[in-house]
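Written out below as C-alpha coordinates is the structure these notes cover.
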Amino acid sequence: MATRRRSFPLVPLLLFLLAAAAYGRLISDGSPASASATSLLSNPVSAVIRLTTSNSASASSPPAAAPEEKCEQSYGFLPCTTTVLGNLFLVLAYGFLMYKAATFLSAGSELLLEIMGPGLVGGLLLPILGALPDALLVLVSGLSGSRETAQSQVLIGMGLLAGSTVFLLTVLWGTCVVVGKCDIGPNGVAVDLQNNKGFSLTGTGISTDVQTSYAARIMGISVIPFIIAQFPKMLKTHHGQRLAVLLALIVSFSLVLAYCLYQVFQPWIQKRKLAYAKHKHVISGILRHAQMEALGRLLNEDGTPNEDVIKKLFHKIDMDESQTLSRAELHALIIGINFEEVDFDKNDAVDKIMDDFDTSGNDIVEEAEFVSGMKRWLNEAKRSVPTSGAYSNKFITDYHARTRQEHDLLVDRSDETVESVENPGWCITKAVGLLLLGSAIAAAFADPLVDAVHNFSNASHIPSFFISFIALPLATNSSEAVSAIIFASRKKLRTSSLTFSEVYGGVTMNNTLCLGVFLALIYIRNLTWDFSSEVLIILLVCVIMGLFTSFRTTFPLWTCLVAYMLYPLSLVVVYILDFVFGWS
(Lines of atoms letter the chains of each structure in order from A and count residues from 1; the text may use other names and numbers.)
(Lines give C-alpha, C1' and ligand atoms only; values in the text may rest on other atoms or scores of the structure.)
Protein backbone atom coordinates (compact mmCIF):
# COMPACT_ATOMS: atom_id res chain seq x y z
CA MET A 1 0.00 0.00 0.00
CA ALA A 2 1.52 3.24 -1.08
CA THR A 3 1.40 5.97 1.50
CA ARG A 4 2.36 9.61 1.40
CA ARG A 5 5.51 10.12 3.40
CA ARG A 6 5.65 13.47 5.15
CA SER A 7 8.84 15.36 5.75
CA PHE A 8 10.36 15.25 9.22
CA PRO A 9 9.36 18.38 11.20
CA LEU A 10 12.58 20.16 12.10
CA VAL A 11 11.22 22.57 14.71
CA PRO A 12 10.39 19.92 17.36
CA LEU A 13 13.76 18.28 16.77
CA LEU A 14 15.66 21.59 17.16
CA LEU A 15 13.75 22.39 20.34
CA PHE A 16 14.55 18.98 21.68
CA LEU A 17 18.24 19.28 20.82
CA LEU A 18 18.31 22.57 22.73
CA ALA A 19 16.80 20.75 25.68
CA ALA A 20 19.28 17.91 25.27
CA ALA A 21 22.18 20.34 25.61
CA ALA A 22 20.89 21.50 28.96
CA TYR A 23 22.28 20.32 32.25
CA GLY A 24 19.14 19.32 34.09
CA ARG A 25 20.29 18.35 37.58
CA LEU A 26 18.26 19.96 40.36
CA ILE A 27 21.05 21.89 42.14
CA SER A 28 20.50 25.40 43.48
CA ASP A 29 23.57 27.53 44.28
CA GLY A 30 21.71 30.47 45.76
CA SER A 31 18.31 31.99 45.99
CA PRO A 32 15.90 30.86 43.31
CA ALA A 33 15.14 34.42 42.28
CA SER A 34 18.73 35.43 41.65
CA ALA A 35 19.67 32.17 39.99
CA SER A 36 16.68 31.98 37.71
CA ALA A 37 17.35 35.18 35.77
CA THR A 38 20.83 34.19 34.68
CA SER A 39 19.81 30.57 34.14
CA LEU A 40 16.81 31.55 32.04
CA LEU A 41 19.03 33.42 29.62
CA SER A 42 21.72 30.79 29.35
CA ASN A 43 19.71 27.62 29.62
CA PRO A 44 15.94 28.07 29.23
CA VAL A 45 14.82 24.43 29.42
CA SER A 46 16.86 23.61 32.50
CA ALA A 47 15.73 26.90 34.07
CA VAL A 48 12.10 26.02 33.60
CA ILE A 49 12.70 22.68 35.29
CA ARG A 50 14.53 24.34 38.20
CA LEU A 51 11.93 27.09 38.57
CA THR A 52 9.15 24.52 38.73
CA THR A 53 11.00 22.69 41.46
CA SER A 54 11.88 25.80 43.49
CA ASN A 55 8.37 27.26 43.29
CA SER A 56 6.74 24.04 44.39
CA ALA A 57 9.29 23.69 47.19
CA SER A 58 8.75 27.27 48.44
CA ALA A 59 5.00 26.84 48.46
CA SER A 60 4.99 23.61 50.43
CA SER A 61 7.92 23.92 52.85
CA PRO A 62 9.42 26.52 55.21
CA PRO A 63 12.37 28.67 54.10
CA ALA A 64 14.85 26.39 55.84
CA ALA A 65 17.20 24.51 53.53
CA ALA A 66 16.00 21.03 52.64
CA PRO A 67 17.89 18.08 51.17
CA GLU A 68 17.85 18.38 47.39
CA GLU A 69 16.73 15.61 45.14
CA LYS A 70 19.06 14.67 42.35
CA CYS A 71 18.55 12.74 39.15
CA GLU A 72 20.97 10.93 36.92
CA GLN A 73 21.42 12.24 33.39
CA SER A 74 21.21 9.80 30.49
CA TYR A 75 24.56 9.61 28.67
CA GLY A 76 25.84 12.26 31.07
CA PHE A 77 24.38 15.23 29.19
CA LEU A 78 20.67 14.72 28.42
CA PRO A 79 18.35 16.69 30.73
CA CYS A 80 16.72 15.12 33.75
CA THR A 81 14.41 16.27 36.52
CA THR A 82 12.52 14.99 39.53
CA THR A 83 9.35 17.03 38.94
CA VAL A 84 6.15 15.63 37.49
CA LEU A 85 5.81 18.27 34.74
CA GLY A 86 9.47 18.10 33.82
CA ASN A 87 9.40 14.34 33.42
CA LEU A 88 6.11 14.53 31.53
CA PHE A 89 7.78 16.89 29.06
CA LEU A 90 10.71 14.48 28.67
CA VAL A 91 8.39 11.49 28.18
CA LEU A 92 6.52 13.38 25.45
CA ALA A 93 9.74 14.54 23.77
CA TYR A 94 11.43 11.14 23.79
CA GLY A 95 8.13 9.48 22.85
CA PHE A 96 7.84 11.75 19.82
CA LEU A 97 11.33 10.76 18.71
CA MET A 98 10.47 7.07 19.10
CA TYR A 99 7.37 7.71 16.99
CA LYS A 100 9.55 9.28 14.28
CA ALA A 101 11.93 6.32 14.50
CA ALA A 102 9.03 3.93 13.90
CA THR A 103 7.87 6.11 10.98
CA PHE A 104 11.31 6.07 9.35
CA LEU A 105 11.61 2.31 9.79
CA SER A 106 8.17 1.82 8.23
CA ALA A 107 8.95 4.11 5.28
CA GLY A 108 12.33 2.47 4.67
CA SER A 109 10.80 -1.01 4.88
CA GLU A 110 8.08 -0.16 2.37
CA LEU A 111 10.60 1.37 -0.02
CA LEU A 112 12.85 -1.67 0.28
CA LEU A 113 9.88 -3.93 -0.44
CA GLU A 114 9.05 -1.88 -3.53
CA ILE A 115 12.62 -2.26 -4.80
CA MET A 116 13.31 -5.91 -4.00
CA GLY A 117 9.82 -7.35 -4.07
CA PRO A 118 8.30 -9.92 -1.68
CA GLY A 119 10.15 -12.96 -0.43
CA LEU A 120 12.99 -12.76 2.06
CA VAL A 121 12.61 -9.00 2.43
CA GLY A 122 8.85 -8.99 2.94
CA GLY A 123 8.73 -12.17 4.99
CA LEU A 124 11.90 -12.04 7.08
CA LEU A 125 13.26 -8.50 7.33
CA LEU A 126 10.14 -6.33 7.44
CA PRO A 127 8.40 -8.05 10.40
CA ILE A 128 11.59 -7.75 12.47
CA LEU A 129 12.09 -4.08 11.53
CA GLY A 130 8.48 -3.35 12.41
CA ALA A 131 9.01 -4.70 15.94
CA LEU A 132 12.41 -3.03 16.41
CA PRO A 133 11.33 0.07 18.43
CA ASP A 134 9.38 -2.06 20.90
CA ALA A 135 12.21 -4.59 21.15
CA LEU A 136 14.77 -1.87 21.89
CA LEU A 137 12.61 -0.30 24.60
CA VAL A 138 12.11 -3.73 26.17
CA LEU A 139 15.86 -4.38 26.02
CA VAL A 140 17.03 -1.14 27.65
CA SER A 141 14.39 -1.33 30.38
CA GLY A 142 16.60 -3.71 32.36
CA LEU A 143 19.98 -3.49 30.67
CA SER A 144 21.75 -0.85 32.77
CA GLY A 145 22.23 -0.21 36.45
CA SER A 146 22.45 -2.62 39.33
CA ARG A 147 20.38 -5.77 39.54
CA GLU A 148 17.96 -4.04 41.93
CA THR A 149 17.58 -1.07 39.57
CA ALA A 150 17.07 -3.37 36.60
CA GLN A 151 14.42 -5.35 38.52
CA SER A 152 12.56 -2.11 39.17
CA GLN A 153 12.83 -0.69 35.64
CA VAL A 154 12.05 -3.96 33.88
CA LEU A 155 8.40 -3.36 34.77
CA ILE A 156 8.48 -0.67 32.08
CA GLY A 157 9.46 -3.29 29.51
CA MET A 158 6.67 -5.58 30.65
CA GLY A 159 4.25 -2.67 30.53
CA LEU A 160 5.18 -1.96 26.92
CA LEU A 161 4.99 -5.66 26.08
CA ALA A 162 1.50 -6.01 27.51
CA GLY A 163 0.36 -2.55 26.42
CA SER A 164 1.28 -3.05 22.74
CA THR A 165 -0.53 -6.39 22.53
CA VAL A 166 -3.63 -5.11 24.32
CA PHE A 167 -3.67 -1.83 22.35
CA LEU A 168 -3.52 -3.60 18.98
CA LEU A 169 -6.22 -6.15 19.82
CA THR A 170 -8.61 -3.78 21.57
CA VAL A 171 -8.39 -0.09 20.68
CA LEU A 172 -7.00 -0.47 17.17
CA TRP A 173 -9.03 -3.58 16.33
CA GLY A 174 -12.27 -1.96 17.48
CA THR A 175 -11.53 1.29 15.66
CA CYS A 176 -10.89 -0.57 12.40
CA VAL A 177 -14.28 -2.27 12.79
CA VAL A 178 -15.98 1.11 13.30
CA VAL A 179 -14.34 2.93 10.36
CA GLY A 180 -14.56 -0.09 8.03
CA LYS A 181 -18.15 -1.13 8.76
CA CYS A 182 -20.55 -1.87 5.91
CA ASP A 183 -24.09 -3.23 5.78
CA ILE A 184 -24.23 -6.97 6.47
CA GLY A 185 -26.16 -8.71 3.69
CA PRO A 186 -28.63 -11.62 3.92
CA ASN A 187 -25.75 -14.08 3.46
CA GLY A 188 -24.04 -12.77 6.58
CA VAL A 189 -21.21 -11.03 4.71
CA ALA A 190 -20.56 -7.28 4.77
CA VAL A 191 -21.36 -5.66 1.41
CA ASP A 192 -18.48 -3.57 0.06
CA LEU A 193 -19.04 0.21 0.12
CA GLN A 194 -22.67 -0.14 1.27
CA ASN A 195 -23.28 1.71 4.54
CA ASN A 196 -26.96 2.61 4.79
CA LYS A 197 -27.85 1.16 8.22
CA GLY A 198 -26.01 3.73 10.29
CA PHE A 199 -24.56 2.36 13.52
CA SER A 200 -26.68 -0.77 13.74
CA LEU A 201 -24.87 -3.09 16.15
CA THR A 202 -26.05 -6.23 14.33
CA GLY A 203 -26.81 -4.94 10.83
CA THR A 204 -23.39 -3.44 10.10
CA GLY A 205 -19.84 -4.73 10.48
CA ILE A 206 -16.81 -5.92 8.55
CA SER A 207 -15.91 -9.16 6.79
CA THR A 208 -12.51 -10.71 6.11
CA ASP A 209 -11.37 -13.69 4.09
CA VAL A 210 -10.52 -17.12 5.48
CA GLN A 211 -6.78 -16.50 5.31
CA THR A 212 -7.12 -13.66 7.80
CA SER A 213 -8.50 -16.16 10.32
CA TYR A 214 -5.33 -18.20 9.75
CA ALA A 215 -3.28 -15.17 10.81
CA ALA A 216 -5.44 -14.97 13.95
CA ARG A 217 -4.71 -18.62 14.74
CA ILE A 218 -0.98 -18.01 14.35
CA MET A 219 -1.39 -15.11 16.78
CA GLY A 220 -3.06 -17.48 19.25
CA ILE A 221 -0.13 -19.89 19.02
CA SER A 222 2.29 -17.06 19.81
CA VAL A 223 1.19 -16.98 23.49
CA ILE A 224 2.85 -20.36 24.17
CA PRO A 225 6.12 -18.79 25.49
CA PHE A 226 4.13 -16.82 28.08
CA ILE A 227 2.55 -20.04 29.33
CA ILE A 228 5.94 -21.79 29.52
CA ALA A 229 7.55 -18.95 31.48
CA GLN A 230 4.57 -18.74 33.84
CA PHE A 231 4.28 -22.50 34.38
CA PRO A 232 6.24 -22.68 37.70
CA LYS A 233 4.11 -19.84 39.06
CA MET A 234 1.00 -21.80 38.12
CA LEU A 235 2.34 -24.70 40.19
CA LYS A 236 3.13 -22.24 43.01
CA THR A 237 6.78 -23.24 43.14
CA HIS A 238 10.04 -21.36 42.68
CA HIS A 239 11.93 -24.44 41.55
CA GLY A 240 12.67 -24.56 37.84
CA GLN A 241 11.74 -20.91 37.19
CA ARG A 242 15.08 -20.10 35.59
CA LEU A 243 14.84 -23.23 33.42
CA ALA A 244 11.30 -22.24 32.40
CA VAL A 245 12.53 -18.77 31.35
CA LEU A 246 15.30 -20.34 29.26
CA LEU A 247 12.88 -22.77 27.61
CA ALA A 248 10.40 -19.95 26.89
CA LEU A 249 13.27 -17.92 25.42
CA ILE A 250 14.20 -20.72 23.02
CA VAL A 251 10.57 -21.27 22.02
CA SER A 252 10.06 -17.51 21.44
CA PHE A 253 12.90 -17.16 18.94
CA SER A 254 11.95 -20.47 17.32
CA LEU A 255 8.46 -19.10 16.73
CA VAL A 256 9.93 -15.88 15.29
CA LEU A 257 11.96 -17.92 12.80
CA ALA A 258 9.00 -20.15 11.94
CA TYR A 259 6.68 -17.17 11.43
CA CYS A 260 9.17 -15.37 9.18
CA LEU A 261 9.76 -18.52 7.12
CA TYR A 262 6.00 -18.93 6.80
CA GLN A 263 5.78 -15.42 5.38
CA VAL A 264 8.59 -16.24 2.93
CA PHE A 265 7.17 -19.51 1.60
CA GLN A 266 3.48 -18.58 1.90
CA PRO A 267 3.43 -14.88 0.93
CA TRP A 268 -0.35 -14.64 0.68
CA ILE A 269 -0.35 -11.15 2.17
CA GLN A 270 1.97 -9.98 -0.62
CA LYS A 271 -0.30 -11.66 -3.20
CA ARG A 272 -3.26 -9.79 -1.79
CA LYS A 273 -1.31 -6.57 -2.09
CA LEU A 274 -0.58 -7.50 -5.70
CA ALA A 275 -4.29 -7.84 -6.45
CA TYR A 276 -4.92 -4.47 -4.86
CA ALA A 277 -2.05 -2.93 -6.83
CA LYS A 278 -3.65 -4.15 -10.07
CA HIS A 279 -6.90 -2.50 -9.12
CA LYS A 280 -5.13 0.77 -8.30
CA HIS A 281 -3.40 0.61 -11.69
CA VAL A 282 -6.80 0.39 -13.37
CA ILE A 283 -7.89 3.45 -11.37
CA SER A 284 -4.81 5.42 -12.34
CA GLY A 285 -5.20 4.39 -15.99
CA ILE A 286 -8.73 5.76 -16.14
CA LEU A 287 -7.62 9.00 -14.47
CA ARG A 288 -4.73 9.39 -16.92
CA HIS A 289 -7.04 8.60 -19.85
CA ALA A 290 -9.35 11.42 -18.77
CA GLN A 291 -6.38 13.77 -18.51
CA MET A 292 -5.01 12.80 -21.93
CA GLU A 293 -8.38 13.27 -23.62
CA ALA A 294 -8.01 16.99 -22.92
CA LEU A 295 -11.22 17.08 -20.90
CA GLY A 296 -9.54 19.40 -18.42
CA ARG A 297 -7.72 19.15 -15.11
CA LEU A 298 -9.21 16.58 -12.74
CA LEU A 299 -7.79 18.44 -9.74
CA ASN A 300 -7.87 22.14 -9.07
CA GLU A 301 -4.69 23.88 -7.97
CA ASP A 302 -5.73 23.54 -4.32
CA GLY A 303 -6.16 19.78 -4.75
CA THR A 304 -9.97 19.65 -4.73
CA PRO A 305 -11.62 17.47 -7.41
CA ASN A 306 -12.92 19.33 -10.46
CA GLU A 307 -16.55 18.19 -10.72
CA ASP A 308 -17.09 19.79 -14.16
CA VAL A 309 -14.30 17.73 -15.71
CA ILE A 310 -15.52 14.56 -13.96
CA LYS A 311 -19.01 15.12 -15.42
CA LYS A 312 -17.50 15.64 -18.89
CA LEU A 313 -15.76 12.28 -18.54
CA PHE A 314 -19.03 10.65 -17.50
CA HIS A 315 -20.86 11.93 -20.58
CA LYS A 316 -17.97 10.87 -22.83
CA ILE A 317 -18.15 7.28 -21.51
CA ASP A 318 -21.96 7.30 -21.74
CA MET A 319 -22.11 6.37 -25.42
CA ASP A 320 -25.89 5.75 -25.55
CA GLU A 321 -26.63 8.99 -23.63
CA SER A 322 -28.78 7.12 -21.11
CA GLN A 323 -27.38 9.20 -18.22
CA THR A 324 -26.05 5.95 -16.73
CA LEU A 325 -23.00 3.77 -17.34
CA SER A 326 -23.52 0.10 -18.04
CA ARG A 327 -21.04 -2.75 -17.69
CA ALA A 328 -20.62 -2.78 -21.47
CA GLU A 329 -19.63 0.90 -21.51
CA LEU A 330 -17.15 0.38 -18.67
CA HIS A 331 -15.73 -2.66 -20.48
CA ALA A 332 -15.29 -0.58 -23.64
CA LEU A 333 -13.48 2.06 -21.57
CA ILE A 334 -11.09 -0.54 -20.13
CA ILE A 335 -10.33 -2.00 -23.56
CA GLY A 336 -9.68 1.46 -24.99
CA ILE A 337 -7.03 2.29 -22.40
CA ASN A 338 -3.43 1.18 -22.90
CA PHE A 339 -2.38 -0.42 -19.64
CA GLU A 340 1.17 -1.08 -20.82
CA GLU A 341 1.02 -4.87 -20.78
CA VAL A 342 -0.23 -5.17 -17.21
CA ASP A 343 -1.95 -8.55 -17.19
CA PHE A 344 -5.37 -8.59 -15.54
CA ASP A 345 -8.88 -9.86 -16.18
CA LYS A 346 -10.78 -6.99 -17.79
CA ASN A 347 -14.13 -8.40 -16.69
CA ASP A 348 -12.82 -8.54 -13.14
CA ALA A 349 -11.64 -4.94 -13.49
CA VAL A 350 -15.15 -3.92 -14.58
CA ASP A 351 -16.58 -5.74 -11.55
CA LYS A 352 -14.26 -3.88 -9.22
CA ILE A 353 -15.08 -0.51 -10.80
CA MET A 354 -18.79 -1.30 -10.53
CA ASP A 355 -18.31 -2.24 -6.87
CA ASP A 356 -16.51 1.06 -6.25
CA PHE A 357 -19.11 3.24 -7.96
CA ASP A 358 -22.48 1.46 -7.81
CA THR A 359 -23.49 2.28 -4.24
CA SER A 360 -27.21 1.81 -4.99
CA GLY A 361 -26.71 -1.79 -6.12
CA ASN A 362 -28.74 -1.49 -9.35
CA ASP A 363 -25.84 -2.67 -11.56
CA ILE A 364 -25.48 0.67 -13.33
CA VAL A 365 -23.49 3.79 -12.45
CA GLU A 366 -25.43 7.02 -12.23
CA GLU A 367 -23.82 10.43 -12.65
CA ALA A 368 -23.84 11.26 -8.93
CA GLU A 369 -22.31 7.85 -8.13
CA PHE A 370 -19.64 8.38 -10.79
CA VAL A 371 -18.72 11.82 -9.41
CA SER A 372 -18.56 10.48 -5.84
CA GLY A 373 -16.45 7.48 -6.90
CA MET A 374 -14.02 9.62 -8.91
CA LYS A 375 -13.60 11.92 -5.92
CA ARG A 376 -12.63 8.92 -3.78
CA TRP A 377 -10.13 7.79 -6.42
CA LEU A 378 -8.59 11.25 -6.67
CA ASN A 379 -8.29 11.57 -2.90
CA GLU A 380 -6.56 8.18 -2.82
CA ALA A 381 -4.17 9.38 -5.53
CA LYS A 382 -3.41 12.48 -3.46
CA ARG A 383 -2.47 10.29 -0.49
CA SER A 384 -0.26 8.09 -2.65
CA VAL A 385 1.80 10.69 -4.51
CA PRO A 386 3.59 13.45 -2.56
CA THR A 387 3.36 16.95 -4.07
CA SER A 388 4.93 20.30 -3.36
CA GLY A 389 1.52 21.95 -2.96
CA ALA A 390 0.15 22.63 -6.45
CA TYR A 391 -1.53 19.84 -8.43
CA SER A 392 -0.46 20.02 -12.07
CA ASN A 393 -1.38 17.78 -14.98
CA LYS A 394 1.79 15.82 -14.28
CA PHE A 395 0.30 14.66 -10.97
CA ILE A 396 -2.00 12.08 -12.62
CA THR A 397 0.88 10.81 -14.78
CA ASP A 398 3.04 10.40 -11.69
CA TYR A 399 0.27 8.47 -9.94
CA HIS A 400 -0.14 6.16 -12.92
CA ALA A 401 3.62 5.53 -13.05
CA ARG A 402 3.66 4.79 -9.33
CA THR A 403 0.85 2.25 -9.52
CA ARG A 404 2.56 0.58 -12.47
CA GLN A 405 5.76 0.36 -10.45
CA GLU A 406 3.88 -1.09 -7.46
CA HIS A 407 2.34 -3.72 -9.70
CA ASP A 408 5.64 -4.69 -11.27
CA LEU A 409 7.43 -4.88 -7.94
CA LEU A 410 4.75 -7.01 -6.28
CA VAL A 411 4.67 -9.60 -9.08
CA ASP A 412 6.23 -12.86 -7.89
CA ARG A 413 9.17 -13.32 -10.28
CA SER A 414 12.14 -15.49 -9.37
CA ASP A 415 14.43 -13.73 -11.83
CA GLU A 416 13.42 -10.22 -10.84
CA THR A 417 16.37 -7.85 -10.71
CA VAL A 418 16.85 -4.49 -9.10
CA GLU A 419 17.75 -2.99 -12.50
CA SER A 420 14.05 -3.09 -13.47
CA VAL A 421 13.47 -0.22 -11.03
CA GLU A 422 14.15 3.33 -12.12
CA ASN A 423 17.19 4.76 -10.28
CA PRO A 424 17.72 1.60 -8.19
CA GLY A 425 20.92 2.90 -6.62
CA TRP A 426 19.25 6.04 -5.28
CA CYS A 427 16.18 4.07 -4.09
CA ILE A 428 18.32 1.54 -2.21
CA THR A 429 20.40 4.34 -0.69
CA LYS A 430 17.27 6.15 0.44
CA ALA A 431 15.74 2.97 1.89
CA VAL A 432 18.91 2.04 3.76
CA GLY A 433 19.27 5.63 4.97
CA LEU A 434 15.73 5.64 6.38
CA LEU A 435 16.30 2.29 8.07
CA LEU A 436 19.61 3.41 9.58
CA LEU A 437 18.14 6.74 10.71
CA GLY A 438 15.13 5.05 12.31
CA SER A 439 17.33 2.43 14.00
CA ALA A 440 19.77 5.08 15.26
CA ILE A 441 17.01 7.26 16.75
CA ALA A 442 15.35 4.24 18.38
CA ALA A 443 18.66 3.01 19.81
CA ALA A 444 19.71 6.45 21.04
CA PHE A 445 16.51 7.50 22.76
CA ALA A 446 15.10 4.20 24.03
CA ASP A 447 17.15 4.36 27.23
CA PRO A 448 16.37 8.06 27.98
CA LEU A 449 12.66 7.34 27.42
CA VAL A 450 12.74 4.44 29.88
CA ASP A 451 14.57 6.65 32.41
CA ALA A 452 12.03 9.45 31.94
CA VAL A 453 9.12 7.03 32.48
CA HIS A 454 10.81 5.66 35.60
CA ASN A 455 11.44 9.17 36.97
CA PHE A 456 7.89 10.25 36.13
CA SER A 457 6.62 7.20 38.01
CA ASN A 458 8.67 8.16 41.07
CA ALA A 459 7.57 11.80 40.93
CA SER A 460 3.87 11.09 40.37
CA HIS A 461 3.72 7.91 42.49
CA ILE A 462 1.99 6.14 39.62
CA PRO A 463 3.30 2.59 39.04
CA SER A 464 5.63 2.54 36.04
CA PHE A 465 3.76 -0.42 34.56
CA PHE A 466 0.61 1.64 34.00
CA ILE A 467 2.51 4.54 32.47
CA SER A 468 4.35 2.32 30.01
CA PHE A 469 1.19 0.27 29.35
CA ILE A 470 -0.75 3.35 28.23
CA ALA A 471 1.86 5.78 26.84
CA LEU A 472 4.65 3.78 25.18
CA PRO A 473 2.45 1.77 22.72
CA LEU A 474 1.11 5.08 21.40
CA ALA A 475 4.66 6.16 20.56
CA THR A 476 5.76 2.92 18.89
CA ASN A 477 2.51 1.90 17.16
CA SER A 478 0.95 5.22 16.07
CA SER A 479 2.32 5.11 12.52
CA GLU A 480 1.02 1.59 11.88
CA ALA A 481 -2.28 2.40 13.59
CA VAL A 482 -2.97 5.40 11.35
CA SER A 483 -2.16 3.37 8.22
CA ALA A 484 -4.42 0.53 9.37
CA ILE A 485 -7.33 2.89 10.07
CA ILE A 486 -6.96 4.62 6.69
CA PHE A 487 -6.83 1.27 4.91
CA ALA A 488 -9.87 -0.07 6.80
CA SER A 489 -11.86 3.07 5.95
CA ARG A 490 -11.98 1.97 2.30
CA LYS A 491 -14.79 -0.39 3.35
CA LYS A 492 -13.79 -3.38 1.22
CA LEU A 493 -13.43 -7.03 2.16
CA ARG A 494 -9.94 -7.21 0.68
CA THR A 495 -8.69 -4.07 2.44
CA SER A 496 -10.23 -5.18 5.74
CA SER A 497 -8.55 -8.56 5.35
CA LEU A 498 -5.15 -7.00 4.82
CA THR A 499 -5.67 -4.54 7.69
CA PHE A 500 -6.55 -7.19 10.26
CA SER A 501 -3.86 -9.54 8.98
CA GLU A 502 -1.27 -6.85 9.69
CA VAL A 503 -2.75 -6.24 13.17
CA TYR A 504 -2.50 -9.96 13.99
CA GLY A 505 1.01 -10.03 12.54
CA GLY A 506 2.05 -7.15 14.79
CA VAL A 507 0.73 -8.96 17.86
CA THR A 508 2.52 -12.16 16.80
CA MET A 509 5.88 -10.39 16.54
CA ASN A 510 5.25 -8.66 19.86
CA ASN A 511 4.48 -11.99 21.57
CA THR A 512 7.52 -13.71 20.08
CA LEU A 513 10.38 -11.34 19.20
CA CYS A 514 9.79 -8.71 21.89
CA LEU A 515 9.03 -11.35 24.49
CA GLY A 516 12.18 -13.22 23.46
CA VAL A 517 14.25 -10.08 24.06
CA PHE A 518 12.56 -9.62 27.44
CA LEU A 519 13.18 -13.23 28.45
CA ALA A 520 16.83 -12.96 27.38
CA LEU A 521 17.13 -9.91 29.63
CA ILE A 522 15.56 -11.77 32.56
CA TYR A 523 17.79 -14.81 32.06
CA ILE A 524 21.13 -13.07 31.45
CA ARG A 525 20.76 -10.57 34.30
CA ASN A 526 19.29 -13.24 36.59
CA LEU A 527 16.22 -11.14 37.34
CA THR A 528 13.10 -12.45 39.05
CA TRP A 529 10.15 -13.50 36.90
CA ASP A 530 7.30 -11.98 38.87
CA PHE A 531 4.76 -10.83 36.32
CA SER A 532 1.74 -13.06 36.99
CA SER A 533 -0.94 -10.38 36.64
CA GLU A 534 0.69 -8.88 33.53
CA VAL A 535 0.96 -12.27 31.83
CA LEU A 536 -2.65 -13.01 32.77
CA ILE A 537 -4.04 -9.99 30.91
CA ILE A 538 -1.93 -10.79 27.83
CA LEU A 539 -3.28 -14.35 27.84
CA LEU A 540 -6.79 -13.10 28.55
CA VAL A 541 -6.88 -10.66 25.63
CA CYS A 542 -5.01 -12.90 23.18
CA VAL A 543 -7.10 -15.99 23.94
CA ILE A 544 -10.44 -14.14 23.82
CA MET A 545 -9.65 -12.24 20.62
CA GLY A 546 -7.79 -15.21 19.13
CA LEU A 547 -10.71 -17.61 19.57
CA PHE A 548 -13.11 -14.88 18.55
CA THR A 549 -11.32 -14.12 15.26
CA SER A 550 -10.01 -17.58 14.34
CA PHE A 551 -13.33 -19.22 13.55
CA ARG A 552 -15.40 -16.46 11.97
CA THR A 553 -14.92 -13.99 9.15
CA THR A 554 -17.73 -11.47 9.77
CA PHE A 555 -17.69 -9.16 12.78
CA PRO A 556 -20.82 -7.09 13.50
CA LEU A 557 -20.40 -3.64 14.97
CA TRP A 558 -21.15 -4.87 18.50
CA THR A 559 -17.85 -6.77 18.49
CA CYS A 560 -15.95 -3.48 18.70
CA LEU A 561 -17.59 -2.88 22.10
CA VAL A 562 -16.17 -6.18 23.33
CA ALA A 563 -12.71 -5.16 22.11
CA TYR A 564 -12.95 -1.69 23.64
CA MET A 565 -14.07 -3.04 27.03
CA LEU A 566 -11.08 -5.38 27.23
CA TYR A 567 -8.70 -2.41 27.41
CA PRO A 568 -9.87 -0.83 30.70
CA LEU A 569 -10.64 -4.31 32.02
CA SER A 570 -6.97 -5.22 31.60
CA LEU A 571 -5.86 -2.24 33.68
CA VAL A 572 -8.42 -3.00 36.38
CA VAL A 573 -7.36 -6.66 36.57
CA VAL A 574 -3.69 -5.75 37.00
CA TYR A 575 -4.49 -3.16 39.67
CA ILE A 576 -6.69 -5.52 41.68
CA LEU A 577 -4.33 -8.48 41.47
CA ASP A 578 -1.20 -6.45 42.30
CA PHE A 579 -2.45 -3.89 44.82
CA VAL A 580 -5.38 -5.71 46.42
CA PHE A 581 -4.31 -9.36 46.34
CA GLY A 582 -0.57 -8.65 46.25
CA TRP A 583 0.34 -10.92 43.33
CA SER A 584 3.50 -8.94 42.52
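Note that Cβ sites are derived from N, Cα and C of the backbone, with glycine treated the same way.
What TrEMBL says about a protein is an automatic prediction, not a curated fact.
Sequence annotations record features per position, and here TrEMBL assigns domain 'EF-hand' to 305-340 (among others).
Within the chain, the domain 'EF-hand' (345-380) has long-range Cβ neighbours (under 8 A, six or more residues past its boundaries) at 191-194, 278-280, 282-283, 286-287, 298-299, 305, 307, 310-311, 313-314, 323-327, 330-331, 334-335, 492. Here TrEMBL flags 345-380 (among others) as domain 'EF-hand'.
Per TrEMBL, the feature signal peptide maps to 1-24.
As annotated by TrEMBL, transmembrane segment applies to 76-99 (among others).
Residues annotated as transmembrane segment in TrEMBL: 111-132 (among others).
Sequence annotations record features per position, and here TrEMBL assigns transmembrane segment to 152-173 (among others).
Look at TrEMBL and you will find 214-231 (among others) tagged as transmembrane segment. Cβ atoms under 8 Å from those of the transmembrane segment (214-231) belong to residues 244-245, 247-249, 251-252, 255, 259, 262, 500-501, 504-505, 507-508, 511-512, 515-516, 519, 529, 532, 535, 538-539, 542-543, 545-547, 549-550 of the same chain, restricted to positions at least 6 beyond its ends.
Residues or ranges marked as transmembrane segment in TrEMBL: 243-265 (among others).
Counting same-chain residues at least six beyond the ends of the transmembrane segment (427-446), those with a Cβ under 8 angstroms from any Cβ of the stretch are 94, 97-98, 100-109, 111-112, 114-115, 129, 132-133, 136-137, 139-140, 418, 421. The feature transmembrane segment is assigned by TrEMBL to 427-446 (among others).
As annotated by TrEMBL, transmembrane segment applies to 466-488 (among others).
Residues or ranges marked as transmembrane segment in TrEMBL: 500-525 (among others).
Per TrEMBL, the feature transmembrane segment maps to 531-548 (among others).
Remote same-chain residues near the transmembrane segment (555-577) are listed as 162, 166-167, 169-171, 173-175, 177-178, 181, 184, 199-208, 465-466, 469-470, 532-534, 536-537, 540-541, 544-545, 548-549, 583-584 (criterion: CB distance under 8 Å, separation of at least six residues from the stretch ends). Per TrEMBL, the feature transmembrane segment maps to 555-577 (among others).
Of the Cβ pairs linking the transmembrane segment (466-488) with the transmembrane segment (243-265) and spaced 6 or more residues apart, fewer than 3 are under 8 Å, so the two regions do not touch. Long-range neighbours of the transmembrane segment (152-173) within the same chain, counting only residues 6 or more positions beyond its ends whose Cβ lies under 8 Å from a Cβ of the stretch, are 134, 137-139, 141-142, 145, 450, 453-454, 463-470, 472-474, 476-477, 481, 484-485, 500, 503, 506-507, 510-511, 514-515, 518, 521-522, 527, 531, 534, 537-538, 541-542, 545, 560, 563-564, 566-567, 570. Break the domain 'EF-hand' (345-380) down by DSSP state and the numbers are 26 helix, 2 strand, 8 coil.
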